Amino acid sequence: MRLSVAIDGPAGAGKSTIAKLVAKEFDLMYINTGAMYRAVALKAEENNIGDKDIDALCSLISTFEMKFENDDLILNGENIQDRITMPEISKIVSKYASIKEVREILVKLQREMSNKFDVIMDGRDIGTVVLKDSKFKFFLTATPEARAERRYKELTNRGLDVDYSTILEDIIKRDYLDSNREVDPLKKADDAIEVDTTKLSINEVVKEISLSIKKNLSVL
Ligand code: DC
C-alpha cells in the first residue's frame, strides 16, 4: 500500500515548509496542490479567461502537463514557481479555486499522482476529499497575524516591496473565501491531528508530525 500524508490548513500556516521537510524524512514526493490552483489562475489571466467561462477554463486545463521538480511546479516544461507565488496571483486564485469543474479536474490529477507515488500533499481539501482514506492527516493552524508575518518575511526576502497590513488583509479575505465556498471548503477532517504552529518552531512542528507518522506506521 502506498503511503500518503495529508496536510491542510489556511494560507501561511507553514504547510509547504513543513511538508517539504517531512517529505525528505520519509522519502515522499511533495505535491503542492495550491500551486496547481495558482497555475490555473496565472494561465487564465494570461489568456484573458474569466472565472465565469467554465468551458474555456476546462479546455485550458486540458492542455496542462504538470509535474513537480525540486518542489517547483513545472507546467508544460516551464518552471512557473516564482510567477505563481507573486501577490497578484494570491489575490485572484481563490475565485478560480472555488469553481467545481476546475476542482474536479485537479482533484483527479492529484489522486492519480497519489496512486503512482508515495506522497505528502498540502492544500485545503486533502484530508477531506483528495486523500480522504489516508491514515496520516494533519491540520496546521496559526493566528492570521503570525501567518501574515511569515508571508511578509518570505516576500521581502525575495526582494519584493510589500506591505504587512495588505498581506494581513489578503490572508483574512482568503481565509473567508476558502472556508465559505460551496465546493470542498477548507475544513479540518474529523480524523486529522490539529497542530497550532503560532508559537512553534519549524523543527518542533516537523518533529510532532514525524513522530505521529512513525507511531502509526508501526500500527499499520
Ligand atoms: O496554499 P496556497 O496559498 O498556495 O493556495 C492557493 C489557493 O488555492 C488558496 O487560496 C486556496 C486554493 N486551494 C484550494 O482550494 N484547494 C487546495 N487543495 C489547495 C489550494
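Cβ from N, Cα, C; glycine included.
As the structure is a computational prediction, the values presented were derived from the model and not from experiment.
According to TrEMBL:
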type	residues	note
BINDING	Gly9, Pro10, Ala11, Gly12, Ala13, Gly14, Lys15, Ser16, Thr17	ATP binding site
DOMAIN	5-213	domain 'Cytidylate kinase'
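Checked against ligand 1, the binding-site residues Gly9, Ala11, Ala13 give Ala11 as the ones with a Cβ under 6 Å from it, listed in sequence order. If you draw a 10 Å sphere around the CB of Ala13 (ATP binding site), it holds 25 other CB atoms from the protein chains shown.
Confidence annotation: the domain 'Cytidylate kinase' (5-213) carries a mean pLDDT of 96 in the model. A Cβ within 8 Å of the Cβ centre of Gly9, Pro10, Ala11, Gly12, Ala13, Gly14, Lys15, Ser16, Thr17, the residues given for ATP, is found for these other residues of the same chain: Ile18, Asp122, Leu140, Ala142, Arg147, Arg150, Thr197. Each of the binding-site residues Gly9, Ala11, Lys15, Thr17 was scored by other CB atoms within 10 A of its CB, and the lowest score goes to Thr17. Following the DSSP three-state reduction, the secondary structure of Ala11 (ATP binding site) is coil.
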